[in-house]
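One structure is given below, encoded as structure tokens.
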Amino acid sequence: MFKNFLGNKANTALTIEQRKSECMREAVPSHIAIIMDGNGRWAKKRALPRVAGHREGMKTVKKITRCASEIGVKALTVYAFSTENWKRPKDEVDFLMRLPVDFLDTFLPELIERNVRVETIGDSSVLPLHTQKALTEAMETTKHNTGLVLNFALNYGSRDEMVKAMKAIMMRVAEGELTAEQVDEDCITAHLMTAHLPEPDLLIRTSGEVRLSNFMLWQLAYTELWFTDMLWPDFNEAAFLDAVMSYQKRNRRYGGLKGEETK
Ligand code: V0D
């Protein structure tokens, strides 16, 4: 009866701790990807500058990182800056580029304590030097950690990633290391920036937009998608755990079906 109740939307009655233990009763998604949308709208609703929304959004990243590491998620990829975001006003971009520095100044000790490894995907080489320095330091300091991989997508675009993979494969073919015949799905997967990560089991997008916006297009082929109207700064542990429970419920519904049949 408890279980039926939990399978329904009525789990608003559950505390965070109850939700966590409920999630941990079955397979927790290995890799969760998140499109963190709605910071600007959150600020606008409060007549605050957009950057106030980004700052609040950074707090949500910390909360969700903690929660994901506690329930045993192996990888959490968060879309922090897209290749499109350069089109925003310079002041806003400058502010965003200080967030990694700020985040690590205030959170690196906890990441270490939690055994979290920081990684990035996307082309970081064109980010300001102070941003790159913070990233390098975070990745270096945490590279031996064996817990959650906290993977920031920064200056990331999925099509750009595929173009780079395609070029790398063509170079290897040109050098005779690989034949065109050998190029298959696994080969392409291995040349993406996520090569070392499992495919995302669950994608969360906040703020009511229902699209992928050039995020992990190849990797999301079989991923469960979960959309919410909540704005990213309002997103919290309860909503995150509800998304995980909803994923587990969908998985359960497939019964014994595995592999091709669920694809
Ligand atoms: C703004 C909401 C953390 C989304 C979250 C440079 C947009 C807050 C980081 C971060 C951003 C990145 C790398 C790292 C440590 C922290 C971050 C950006 C934006 C873009 F190693 N939050 N955050 N980076 N926002």
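Every residue, even glycine, has its Cβ placed from backbone N, Cα and C.
Around the Cβ of D37 (active site), 22 further Cβ atoms fall within 10 Å across all displayed protein chains. What TrEMBL records for D37 is active site.
Look at TrEMBL and you will find D37, E224 tagged as Mg(2+) binding site.
Look at TrEMBL and you will find 38-42, R50, H54, 82-84, W86, R88, R205, 211-213 tagged as substrate binding site. Its own atom aside, the Cβ of L212 (substrate binding site) has 15 Cβ atoms within 10 angstroms in the protein chains shown.
Contacts of N85 (active site, proton acceptor) defined by a Cβ separation under 8 A and a same-chain sequence distance of 6+ are given as V93, L96, N155, in order along the sequence. Per TrEMBL, the feature active site, proton acceptor maps to N85.
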Among W42, W86, the most crowded of the binding-site residues [Cβ within 10 Å]: W42
Local Cβ density at G38 (substrate binding site) - other Cβ atoms counted within 10 Å: 25
Listed recorded positions with Cβ under 6 Å from ligand 1, out of D37, G40, H54, E224: H54
Mapped DSSP class for N85 (active site, proton acceptor), helix or strand or coil: helix
